[in-house]
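Annotation comment: Swiss-Prot describes ASP44 as active site, proton acceptor, evidence class sequence analysis. Positions annotated as NAD(+) binding site by Swiss-Prot, on the basis of sequence analysis: ASP44, GLY45, HIS49, ASN114, GLU115, ASP144, ALA152, SER155, ALA156, TYR157, ASN158, LEU159, SER160, GLN216.
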Amino acid sequence: MNINKIALIYNHNSKHLAIIEEIKKLYNYCKIEEAEVIIVIGGDGELLHNIHRYMHLNIPFYGVNLGSLGFLMNPLDTKKLLQNIHDSTVSILNPLLMQVADTNGQIYTALAINEVSIFRKTNQAAKFRIEVNGIERMNELVADGALVATPAGSSAYNLSASGPILPLESNMLCLTPICSFRPRRWHGALLLSSATIKFEILNTNKRPVNATADFQEFNNITNVTVKSTKDKPVKLLFNKNHTLEDRIIKEQFGG
């Protein structure tokens, strides 16, 4: 991949400003709208926020890890930064499209790279009904919540909720309960990425529920519809010896 124009994004309040200033001195940067690659310095959260902000530009993202985990990031190598980008591999991520309705009758939509989650707002467990492709699959799930995760997001919140890790090219989604109370032994489902999942919230007055698409939250919802969309693909660049697919495989073996 031959790259001549790169843009640099970072948190100006970062504790790593000395490192960032060093990177800035080594290379010439352009405006984000003119870039062939957007470099994001920080952690997974910084990258996700900027993907949401600039994904409409259809420019590949290259993350440089200065955070804690950095699952979607590349290790810092100041001197070889451009060479690593030139030699990088591309992973295509298809986000989730979430549509929610709230108790005031308002309809909202949002995109998620990692997951869409719904969760109880009070100390009482949430109750909801689940449909897949218009067919009722569970008439009542009692739990702290539930989530739908993409393959890229399956090793994040989904894994913490005891959901499975999906290979990046699997064309599947994880439907995972969060602290399921009833049915107690239900651990979720693996669905084709073409599936449309709908959650209908039961008893919304007594058991209010919120929903999030990655970090964007909606309050007091009555129903949520989730499906994968190929209309807004996201291109992430990874070092050739440190691909996202390799990381997902490694994570399954406790790496």
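Note that Cβ sites are derived from N, Cα and C of the backbone, with glycine treated the same way.
Structure with Swiss-Prot features highlighted.
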{"residue": "ASP44", "record": "active site, proton acceptor", "CB count, 10 Å": "20"}
{"residue": "HIS49", "record": "NAD(+) binding site", "CB count, 10 Å": "16"}
{"residue": "GLU115", "record": "NAD(+) binding site", "CB count, 10 Å": "26"}
{"residue": "ALA152", "record": "NAD(+) binding site", "CB count, 10 Å": "24"}
{"residue": "ALA156", "record": "NAD(+) binding site", "CB count, 10 Å": "23"}
{"residue": "ASN158", "record": "NAD(+) binding site", "CB count, 10 Å": "27"}
{"residue": "SER160", "record": "NAD(+) binding site", "CB count, 10 Å": "11"}
Report summary line: Students should find that the Cα atoms of ALA156 (NAD(+) binding site) and the residue listed as 'active site, proton acceptor' sit apart, in Å rounded to an integer, by 10
Query raised in the report: Secondary structure at ASP44 (active site, proton acceptor) (DSSP, helix/strand/coil)?
Result: helix
Query raised in the report: Using Cα coordinates, what distance in whole Å links ASN158 (NAD(+) binding site) and ASP44 (active site, proton acceptor)?
Result: 15
Requested in this report: Between the Cα atoms of SER160 (NAD(+) binding site) and the residue listed as 'active site, proton acceptor', find the distance and write it as a whole number of Å.
Outcome: 16
Query raised in the report: Expressed to the nearest Å, what is the distance separating GLU115 (NAD(+) binding site) and the residue listed as 'active site, proton acceptor' at their Cα atoms?
Result: 14
